[in-house]
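These features come from Swiss-Prot:
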- Arg167: active site (ACT_SITE)
- Lys191: active site (ACT_SITE)
- His270: active site (ACT_SITE)
- Arg273: active site (ACT_SITE)
- His296: active site (ACT_SITE)
- Tyr305: active site, O-(3'-phospho-DNA)-tyrosine intermediate (ACT_SITE)
- 21-106: domain 'Core-binding (CB)' (DOMAIN)
- 127-318: domain 'Tyr recombinase' (DOMAIN)
Amino acid sequence: MTPRTTNQRRQLARQQPPLLPEDATTIAHFLDALWIKHGLSQHTLNSYRRDLEGLARWNNGRAGPLATLTPPALLDYLTWRTQQHYSPLSNARLLSVLRTFFSYAVECGWRNDNPSTLLAHPVLPHPLPKALTESQIEALLAAPSIETPEGLRNRAMLELMYAAGLRVSELVTLPVAMLNRRQGVLRIIGKGGKERLVPLGEESQHWLQRYLEQARPSLAADKPIPADSDGDVPLFINTTLKRLSRQQFWRWIKHYAALAGIAPNKVSPHVLRHSFATHLLNHGADLRALQMLLGHRSISTTQIYTFIARQHLQQLHAQHHPRA
């Protein structure tokens with residue numbers, strides 16, 4: 001059974017009834033509370049909104065308002081999603097959203113219980129993170145043409161993403177104020193507002209300097225770069241003086257992968273982050289240090305990379321030990 005693509009899910013959502021006003025108000029209150037309490041990003045809040053609106057539209061008031069749904073109603077919805085070929089990972093994410101939402105409903109006095117706690121968590125596969133080899137990374141980083149301001153900017157972005165293990169959302173929203181060129185470090189505000197400091201290597205600092213001194217003024221046509229709605233001046237800009245989108249960077253990295261002779265379907269922004277982590281471990285990095293660099297809340301999230309590192313050591317042993 002092939003999971004639905006993003007476009008298929010959106011098309012299916014458009015076929016559902018419109019959102020009832022009461023449910024729309026409930027979802028809006030919940031998202032406002034999440035933002036105030038946890039400072040979640042707009043991207044995360046939009047994911048929560050889509051999941052809750054999908055359930056509300058499917059229910060369409062049949063089993064009562066969204067905040068009063070029972071375990072059987074939620075189970076019916078999860079069963080329907082499975083029949084519509086939603087992946088176990090997508091259903092697991094939905095269940096996590098529902099647990100948070102119904103906990104909020106209990107806090108607000110809308111109900112006395114959390115019905116989602118009675119639902120079984122989907123069994124998930126555990127795919128290992130995919131990483132590029134170090135030679136593939138070198139080819140990918142060298143793919144942009146540095147003869148143009150856009151190419152020089154993109155080279156700097158690729159270098160920075162690999163050097164610091166950034167998420168794509170962290171890269172494209174990075175403010176100038178977060179870069180300390182004198183000390184060679186970045187201050188990153190990651191998921192859930194978690195802050196971390198990431199050191200930069202000589203190569204990434206070199207390309208950042210070239211971008212800031214050559215490409216950025218050219219892209220801005222020497223005009224002052226305005227602050228965005230958050231009051232931050234973006235580090236990486238386009239010719240309209242605005243920050244770049246995640247989708248733009250996604251397309252570029254696929255393009256540069258093809259130029260580097262790497263299958264585009266094997267490369268994504270997150271693959272660069274996985275490569276950063278894998279290569280550090282292969283060269284002897286400490287797992288706790290890697291956790292801090294990646295901004296993981298729990299060491300268990302970071303531990304998946306240890307299996308990849310063990311594979312690397314086994315390969316080295318098999319290649320070089322006289323009795324392997």
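Even glycines carry a Cβ here, placed using N, Cα and C.
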Cβ neighbours of His296 (active site) where a neighbour is any other Cβ within 10 Å: 18
Among Arg167, Lys191, His270, which are recorded as active-site residues, the nearest neighbour of His296 (active site) by Cα: Lys191
Cα distance (Å, whole number) from His270 (active site) to Lys191 (active site): 15
DSSP-derived class (H/G/I helix, E/B strand, else coil) of His296 (active site): coil
Spatial neighbours, same chain, of Arg167 (active site) - Cβ under 8 Å, 6+ residues apart: Gly190, Lys191, Pro269, His270, Arg273
Among His270, Arg273, the most crowded of the active-site residues [Cβ within 10 Å]: Arg273
Residues in the domain 'Core-binding (CB)' (21-106) grouped by DSSP into helix, strand and remaining coil: 71 helix, 0 strand, 15 coil
Assigned conformation of His270 (active site) - DSSP reduced to three states: helix
Per-residue Cβ crowding (10 Å cut-off), top of active-site residues Lys191, Tyr305: Tyr305
